[in-house]
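Colleague: In case it's useful when we look at the structure, here is the feature table from Swiss-Prot:
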type     : residues                                                                       : note
ACT_SITE : HIS54                                                                          : active site
ACT_SITE : HIS102                                                                         : active site, proton acceptor
BINDING  : TYR57, LYS98, ASP510, GLY547                                                   : ATP binding site
BINDING  : GLU100, ASN548                                                                 : Mg(2+) 1 binding site
BINDING  : SER101, HIS102, ASN103, HIS104, ARG123, GLN251, GLU323, SER324, GLN325, SER550 : substrate binding site
BINDING  : ASP124, ASP279                                                                 : Mg(2+) 2 binding site
Amino acid sequence: MDIINCSDNDLDLIGKSLALSHDEMLLIKKYFTEIKRNPSDVELQAIAQSWSEHSCYKSSKFYLKKYLSNLRNERTILAMEDDAGVVKFNDDYVYVVKMESHNHPSAVEPYGGAATGVGGIIRDVLCMGAQPVALVDSLYFGDPDNKSGFLSERFIINGVVSGIRDYGNRLGIPNVAGSIYFHEGYNTSPIVNAGCIGISRKDKIVRSRVQKARDILILCGGRTGRDGIHGVNFASRVLDLKNGENRNAVQLGNPIVEEPLIHAILELNDLGLITGMKDLGGGGLSSAVTEMLYAGNLGGTINLDSVLLKDDNMLPWEIWISESQERMLISSDERNLPQIKDVLDKWNIEFSVIGRAEEKKNLEIYYKNEKVFDLPLEFISKTPVYQRPYKKPRNRCKSEPFRDDDINKSIISLISSINVCSRAPVIRQYDHTVRGATIVRPLTGLPNNETHSDAAVIKPVDDSFAGIAVTSGSKPMLCTIDPYGGALESLIEAYKNIIVTGAEPDAIVDSLNFGNPENEETMYSFVETLKAIRDFTLKFKLQLVSGNVSFYNKNVSDIMPTPNIMMTGIIDDVRKAITTEFKNKNSLIYLIGSINGSLAGTVYSKLKDIKCYDYHNSNINDLCNVYNIIKENKEKILAAHDVSDGGIIAALIEMSFGKNIGFNVNLKDIKMNLENKLFSEHGTAIVIEVPLESEIVFNNLGIKLGYTCDDITVMDGENMVFNARISELKNLWDSGLGKYL
């Protein structure tokens, strides 16, 4: 391709096909003009892959470095360096954690996009040398009644859930936690965030880099095909759902190949045969080879003829950037090759030696005895970085006075509404107990009568009762109104979800989903989100160990800002984990912490179409106090549930479901309007159940609301607010989501 003599118009056409800007194409033209030759198609495609938004974070890197750099603590092993974060678990083990988005593929082909998102996040953990032990997914869908898009919303919902189910279940890795959220702002543009936790002995962690010159590069696992070509490019621009080429950019997943690949990789690692490793995700070989060599300050030579193909007619550039799944790139000393072959043959894993690392700065690639690529790795890897401008949106919305004339009806509507109702129709499709290490499941309580858990707890090491708690979610409607406040509340909720299990909050992983970064208001939301994450992480001395940014999530308009927060915690003894359901009748119920009172961005305000945009940041110093109360008194706590979606009324009702134990509470000591105290979702509040003998202790720590009993009664002073049977509410709660699946 004659880039050197291209006109500006022709450069723009080429750039558009590769998701590169005019200025980026000028940089490429300038470079090749200086070296007095045109790029090969392999070189041009590789540059486009490396410089894509998806791969190099060119719109976010400046702000990520400014606000989120070095948020570590004494437990951090690796953070923001390799394919996943690594955190100390105990003296002998570490855990590995990562979350990624797979949004654009899931919008085009929901089943395949979601399935390969799961497969990819598992390999991100695997390539660090860890055994994957748990999956997490947070899903954001449009209005399930919407049929106006390229694909109906129900088709997207069912495709995504089925893809996650089939891939995870067939691999035998439990799906233990996550969230599901619905809003018309995601119509035709779902957000699919998949997370994974792995466990490894601390001396078995593998880095995503080549360690020394002369090491061979081995490609193993699935064969390379035309699926997933230009995947990173189409994920780096606004999605055109009418473009048929997008379907070719969606990878094809095969868990039957990945399952033995996991066993083989772990065995090779146990034998000490792997010196560096990376999974092949976005960008394929182009990304994996380039990043491993550059991280090791080495160059190398690759022979594309050695790559095992699904289609022998593939062109060299297609081989180089294909994103075919279930592939791993391993570096090793050449003397280890016979042992490596024995292990891979035992697991029936295909492999080939495709090249080696060398003491030079360039990467050379050959195909059919012809050099098709010869570039310095520094040119490919030192990608453009933009300091995108941002501005605060004008406050176009004003709150309007509101009074609810039928609280009883509102509570009934709320409990069956799509963002409060039971997630069991989805959760039950996932195997959350395979491997036998899930202690607190996503549903808790009596069989067929369960309620939601706030966080899952897993026991990852056989000879230890220590465990990991994990939760994931976001508050998109509030993020739209107040990006800093919405991100802060997302972090507060995650923190509460961890501490109510009895665990110690440990690490944060973010997956930041936003619209077009060229929109200054979108960038404002993004920057405010980063500030909130920084402030919260520093305040609570946590560690931010891994993250992901997904831009260009847009169809008709940008999606709502969706900073998904995955948080982990460490629990000393999983046998003492606290769950959400009420345990006994005639126990006492207390409110610990405080309800913010704002109805901005709540399920209730959406349900009632309330114009409410007034929000003030919750007091995170109060959250410190809540943490200390739970930590110092967890042996006395029978049940605990955070106040979040649906407010305190939803929290209390959900606690009643697990064992059919009701409550009689009086909200008179919560000093705000009835609508606000019932339905505000923000703040530091947690509802706990304690035995009668602990009354004196907790009278000094929180607000006594009432006691557990047979049915449900809510008072506000002398006024009856709500009265119902548990069974009636459970039927409503159970029926909200099932009709869409």
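Here the Cβ of each residue, glycine as well, is placed from N, Cα and C on the backbone.
How buried are the listed features, and what sits near them?
Modeller: Secondary structure from DSSP puts HIS54 (active site) in a helix.
Note: HIS102 (active site, proton acceptor) has non-local neighbours GLY113, ALA114, THR116, GLY117, GLY120, VAL192, ASN193, ALA194, i.e. same-chain residues 6+ apart with C-beta under 8 A of its own C-beta. Mapped onto three states, the DSSP output places HIS102 (active site, proton acceptor) in coil.
Cβ neighbour count for LYS98 (ATP binding site): 31 (other Cβ atoms within 10 Å of its Cβ, all protein chains included).
For ASN548 (Mg(2+) 1 binding site), the number of other Cβ atoms no farther than 10 Å from its own Cβ, over all displayed protein chains, is 21.
For GLN325 (substrate binding site), the same-chain residues lying six or more positions away in sequence with a CB closer than 8 A to its CB are THR116, GLY119, GLY120, GLY222, ASP227, GLY228, GLN251, LEU252, GLY253, ASN254, VAL257, GLU258, LEU280.
With a 10 A radius on its CB, ASP124 (Mg(2+) 2 binding site) counts 28 other CB atoms from all the protein chains. In the three-state DSSP assignment, the secondary structure recorded for ASP124 (Mg(2+) 2 binding site) is helix.
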Colleague: Name them in sequence order: residues not among TYR57, LYS98, ASP510, GLY547 whose Cβ is within 8 Å of the mean position of the Cβ atoms defining the ATP site.
Modeller: MET80, MET99, GLU100, VAL509, SER511, LEU512, SER546, ASN548, VAL549
Colleague: Among TYR57, LYS98, ASP510, GLY547, recorded ATP binders, what is the largest CA to CA distance in Å?
Modeller: 17
Colleague: So among the recorded positions HIS54, ARG123, who's got the most Cβ atoms within 10 Å?
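Modeller: Compared across HIS54, ARG123, the most Cβ atoms within 10 Å surround ARG123.
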Colleague: State the Cα to Cα distance, in Å, between ARG123 (substrate binding site) and ASN548 (Mg(2+) 1 binding site), rounded to an integer.
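Modeller: Cα of ARG123 (substrate binding site) to Cα of ASN548 (Mg(2+) 1 binding site) measures 15 Å after rounding.
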Colleague: What is the number of other Cβ atoms found within 10 Å of the Cβ of ASP279 (Mg(2+) 2 binding site)?
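Modeller: Counting Cβ neighbours of ASP279 (Mg(2+) 2 binding site) within 10 Å gives 27.
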Colleague: Please report the distance from the Cα of GLU323 (substrate binding site) to the Cα of HIS54 (active site), rounded to the nearest angstrom.
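Modeller: Distance between the two Cα atoms comes out at 13 Å.
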Colleague: Could you state the CA-to-CA distance between LYS98 (ATP binding site) and ASP124 (Mg(2+) 2 binding site) to the nearest Å?
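Modeller: Distance (Cα to Cα, whole Å): 7 Å.
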